[in-house]
Amino acid sequence: SGWGLEDARVVCRQLAFNPDETLVLTYDDLTSNKKNPPVYGNGREAGYIFRNVQCNGTEDNISSCSMDISKRCRKRNDAVATCKTIIRLRDGTNTSGRLEVYKNKRWLSVCYSSTLGPKAAEHFCSLLGVKPVNPIIIGDAYFGKNKQDTWWIHWPCIFGYCNLDIWWLPKCKRGKYASIKCQNNNSRDNPPEIMLAGINNYSGILIMKKFGVWGGIALRQPQSDENVILNNASDVVCHKLGYGTTDAMSIPIDHTHIPISTITWMFDVYCTGDEDTIFNCDHTKWGEPYIYDRQPSMVFITCRLPLRLVEQVSDSKTGQLEVLVNERWTSVCLKEWETGTLRVACKGLGMESRYAKAIQTSTDMVNHDWFQVGRCLGNEDSLAKCISTRPRCHDKEKMLLLSCPDKPESKINIHLDNHNETGDMFVNLNGVSFPMCNPNWNGGAARVACRQMGYNPDHAEHFRTDIKVNRVLLTDMTCHGNETNLSECNFSEWKVISFEHDSEHMNCQRNGGVFMSCADDSMKARLVGGPDEYSGHAQIWHEGKWKRVCFRKGDGSKEIVAETICRKLKRPGQYARDHPYSGYFGGGTSKPGIELNCNHRYPSLHLCHIHDNNCTHDLHYDLGVSCFEHNPDFHEYLQPTLTGYTIDNGLVLVKSHDTNKQPLTICGEKWTRNEAKVVCRQMGYNEDAVNDAAVDKFPMLQCLGGDKIVLSDVNCTGDEMSLAHCTFKHGDNVTCSSGLRAAVFCRKLSLKLTKTDKTNSSGLVTLDHLLISDHVSNEPNKHPICASGWDERDARVVCRQLGLPYHNASVYISTQGNLTHEYKPWITNVDCIGNEAHIGQCDFDNDFTVASDGIYDNVDYCTQYELTAHYVEHTYNYNFCDGNSYAGVVCK
């Protein structure tokens, strides 16, 4: 009902037949042949029926036409269409061949695409009248190429509907013509096979059998020498075939050299080497988009790499290197081969490899298909394991021969820069000396170098050093230590470079040189006065005597000496700690003294400079050293230093196991004179100064807010030798809500008396704060004390501190009106017991506030560097002093 030619054409197009050759048959047409009428079954057995179908003839699918749905259809009125196929198979058999499509009166080949899967293959075979059995569609011109133009077929199936879209293309990319095998004995579920197609079974072109068809495998190749991809596919294949991986090697082969099918089953294969089979390697499957717009190359794999030397010139140890590849001996290109690669080649020939070299000849290289081998480090077992980064050989270049001699021709000429037993390592090449750059230089090489120069190898030491010239000899030489000379050692690099033209090796210039010592290292050291042999005062055996090591006070090189001494005592130098005062290990010694000057780059005792010194107690101190086997914690080592504008007062900084890089501070909330006394004692001050110790209540250094607080709640009795012997909180237990830092005075707080009588025993008391100086604050350091709370006990302390009579001291009050800014009072509410050694030991309140900011790095706090370099701004605000009265004394 309503069925016509346009409707039938849509059906034929949807089923991939030719819509231009469509016929519509009526029931009478079908039954006109009375003897043999066609039978199409009874369509009315279905539930609902489409009727009154109306198509314009251009639709791709019958469902796109308008129609009615009904349960009734007039008898003998089923819609019938006759279609003619538009596909065929060529150059194959009745059941397989290259797929061609008829359109616009032309039969053209079809380009393969990933949409042509098993469902499309089954449909096309059915249209051809062939029963499909495991049908597949394959590509790569399996049944030959068609030089004519091609069609591109799109066969998407969505929601059960499949459309056949056809476009014209000039040609298929990479010749990937679609071919069909309608009947396959091998199921798609059968596991694929691999083999090496060659004369022998250990080498050949890597091929793969899938769906009963043998095809190739294309590996992922590096895109440039700078981006080398280490593809271990040959290792995986050779291991799977039972040959091991020592000589496994893969070589790309052009399609024109392949005597097998041009189907490529796997593209862009990349293996790490850990896979059990190549099918587990990363790859692009056949039919999936291929990322490179070029013809993929098959790969030749060999699991054995036979080598030989031909054209020997002087003996059997020298000749042209050749390798057996694909059953043909091929010359190996030795262009720019380094020592490591030459050694691996000699090793592969079964010859001595330590003295391998390349010999330049006068013969031009012509008519050779050169085999390329990459760069080896020298420790590889086969040339197959070298990275392919080398330039190619070309005709008309000079021939290079491989030589594998049993002995070196001559020793490598070396010397130390000052031509004695200590100095930088130099190599002499053709009369020119070059410093050696060798990041791999080891203890074995140092022993060999000392032996070669005629020194005792047991004294050999080596250190890293900077190189101060532009041209160096670059090598990566290493030695076992028992070699006679450096010529017998292992190295892959040996060439002169210029830092100006070789930026790749600029890291050699800094810390890449070799400093050598073959000197007698029998100098002895010991530590005395400590609890064991690894802690105490440092002494050195010098000129037949044990001499104490002393340092001038304020010298900052003691850490390097401590590290050097600990290394001499077989303890790790990085855990050495110094005690820069004489009393910690029971006082100094009367023995003769020496000063040591050691280089942190060469921390060996016999390389230090020694100077005799009387080591006077007023200018020097005996060096104390503790040699730990680990990073000492705070209870093992806790060394304070003072940061201020003078050496005997300031903020307390500490260093411990990892505190050499940044200042670490102590919370000042519970800081008392007991803790201040321990700090001063540990800083090396005598007991008189220790007894004068006072807590710094002037918050000048609180601007060090950016430095880390590592200790809090420090509690000392005042008699300890070190803060490490006190109790405290550290680490995550530190609490310091105010952020105040601990600071101390290790001397009396400085006072002056503005005298008012002829006996010089009375006057206004002024205070000099030791942290502020004229060149920093531009203020005179004469500040009165506010008389609020001032009494006779305070006066007695001041008179005693000034060395004046104090037993009957009385108070003198000065009222001078409003003082100028320069003479504002520092403190108020002084409260002394009366027996204090100086006013700094009394309680008092600050009569001013100060804000201190660093001005060097634009942060809102000041750093230790800014304090010592005077890059700090202090802004003062003075409080009101009650009655504008100021403290004075009458000493009697």
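Glycine is treated like the rest: Cβ placed from N, Cα and C.
Automated prediction, rather than curation, is the source of TrEMBL annotations.
Marked as disulfide bond by TrEMBL: C55-C65 (among others). Residues within less than 8 Å, Cβ to Cβ, of C65 (disulfide bond) and separated from it by at least 6 positions along the same chain comprise D7, V10, V53, Q54, C55, E59.
Per TrEMBL, the feature disulfide bond maps to C271-C281 (among others). Counting Cβ atoms from all protein chains shown, C281 (disulfide bond) has 23 others lying within 10 Å of its own Cβ.
Taking Cβ-Cβ distances under 8 Å and a sequence gap of 6 or more within the same chain, the neighbours of C386 (disulfide bond) are T341, V344, V373, G374, R375, C376, E380. Look at TrEMBL and you will find C376-C386 (among others) tagged as disulfide bond.
Within the same chain, the residues at least 6 positions away from C489 (disulfide bond) whose Cβ sits under 8 Å from its Cβ are R354, G444, A445, V448, M477, T478, C479, H480, E483, listed in sequence order. Look at TrEMBL and you will find C479-C489 (among others) tagged as disulfide bond.
Taken from TrEMBL, the feature disulfide bond applies to C566-C627 (among others). Long-range Cβ proximity for C627 (disulfide bond), meaning a same-chain Cβ under 8 A and a gap of 6 or more residues, is found for L527, Y534, S535, I565, C566, L569, R571, Y575, A576.
Cβ-based neighbour count (10 Å, all protein chains) for C598 (disulfide bond) stands at 22. Here TrEMBL flags C598-C608 (among others) as disulfide bond.
All protein chains included, C726 (disulfide bond) registers 19 other Cβ atoms within 10 Å of its own Cβ. Taken from TrEMBL, the feature disulfide bond applies to C716-C726 (among others).
Per TrEMBL, disulfide bond is recorded for C832-C842 (among others).
Taken from TrEMBL, the feature domain 'SRCR' applies to 1-84 (among others).
Per-residue confidence over the domain 'SRCR' (87-183) averages out at a pLDDT of 75. The feature domain 'SRCR' is assigned by TrEMBL to 87-183 (among others).
Positions annotated as domain 'SRCR' by TrEMBL: 193-304 (among others).
The domain 'SRCR' annotation in TrEMBL covers 307-405 (among others).
As annotated by TrEMBL, domain 'SRCR' applies to 412-519 (among others).
According to TrEMBL, the feature domain 'SRCR' maps to 525-628 (among others).
Annotation comment: TrEMBL describes 639-747 (among others) as domain 'SRCR'.
As annotated by TrEMBL, domain 'SRCR' applies to 751-892 (among others).
Non-local contacts of C716 (disulfide bond) by the CB criterion (under 8 A, 6+ apart in sequence, same chain) comprise N674, E675, K677, V678, L723, H725, C726. Note: the domain 'SRCR' (639-747) comprises 26 helix, 37 strand, 46 coil (DSSP; helix = H, G, I, strand = E, B). With DSSP classes pooled into helix, strand and coil, the tally for the domain 'SRCR' (412-519) is 22 helix, 39 strand, 47 coil. Taking the Cβ of C842 (disulfide bond) as centre and 10 Å as the limit, one finds 20 other Cβ atoms among all the protein chains shown. For C608 (disulfide bond), the nearest neighbour among the listed disulfide-bonded residues (C271, C281, C832, C842), judged by C-alpha distance, is C842. Cβ environment of C271 (disulfide bond): N231, N232, A233, D235, V236, I278, C281, D282 lie under 8 Å away, each six or more residues apart in the same chain.
With DSSP classes pooled into helix, strand and coil, the tally for the domain 'SRCR' (307-405) is 13 helix, 34 strand, 52 coil.
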